[in-house]
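Written below as structure tokens is the structure these notes are about.
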């Protein structure tokens, strides 16, 4: 399996859109790897809706405003960020580029953006954190967050959470929308295995222990089960190391609060009811996410549910949104509807495949330039000025209605 090597990439014009970066990545990556990252679940309707949902919103510009100095800076949990665009957790980044998570972390530090490491990374959480702590100058670096899938036996998650806290991660991002894996049809047809020498660095304590199947493989076997009986056998054999399908609000949040002093961020909230419960049970932030269209294909897009969730939250905790962000204008629209920060996942992987840490930086700079330009054209100078007053939707016949 060929992993892209940025040093060997042919000379080509610099891409000026995220779509162009993806086109380069699609050629650089094998079919298996590209489809693993690019595909959604079932018929992939939600994957498309996550992107097309932004097209239903118009930005209504104001004029004769001084936009000579547009400022995209924001703060999250006291961490100063250059833009309201962060890097979502995504698994096995060395498949996209040889530098993997190290290159992504370097880009995050260089561009001063929020970064979340997946627990299913191909580089250990300690080595990734070293990218942040090894900075020689005194320039403040952005906080790093750590994502985790809780296991059926919660005690089996304790060690990983404690490792993340000791290493210096600011927040624990708990994925809550994966009681089981979605039906990822393309992924099932194009079975992907890690190349020799590559491993899930946080989950496999002993790479030579071939008798112990890593947790992601067990969850994958459950997705592939053809009968109820087969599924039952997988669960019985996987036991407490499977993704947790037995979580509850009180039990889960109490467990996390007693275990760690890291900020607790719940990833996968899609309703106002669950947003209110997150606040009630003490979450520090939520991520409005449908797992990039890889779980429930019939769910709404994240941009469609954002406004109602923001109304329920009423500014009490930060809201992060992911799903479908491909343009700076998408970022503007998400912030206008109530997001404090947006995450990009697949575009980061495309940047990694394109040119390692420089490619990830290129993607971030493309989106920052587009966002700054959109703000200026809309008559906005600072992120805090963006609101739903700048948005409208198309009427069924003709014209627009302001939100």
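Numbers here mean position along the shown chain, with the first residue as 1.
Glycine residues also receive a Cβ, built from the backbone N, Cα and C atoms like all the rest.
In TrEMBL, annotation is done automatically, which means it is predicted and not curated.
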Given TrEMBL lists 149, 291, 294 for glyoxylate, the same-site residue among 112, 184, 257:
184
Just the number: how many Å between the Cα atoms of residue 322 (FMN binding site) and residue 291 (glyoxylate binding site)?
8
Determine the Cβ neighbour count for residue 91 (FMN binding site): the number of other Cβ atoms within 10 Å of its Cβ.
17
Sorted by sequence, non-149, 184, 291, 294 residues with Cβ within 8 Å of centre, glyoxylate:
41, 177, 178, 181, 182, 292, 295
On a simple 10 Å Cβ count over all chains shown, which one of the binding-site residues 184, 267, 326 is most densely packed?
267
Measuring Cα to Cα across 149, 184, 291, 294, which the record gives as the glyoxylate binders, how far apart are the two most distant ones in Å?
18
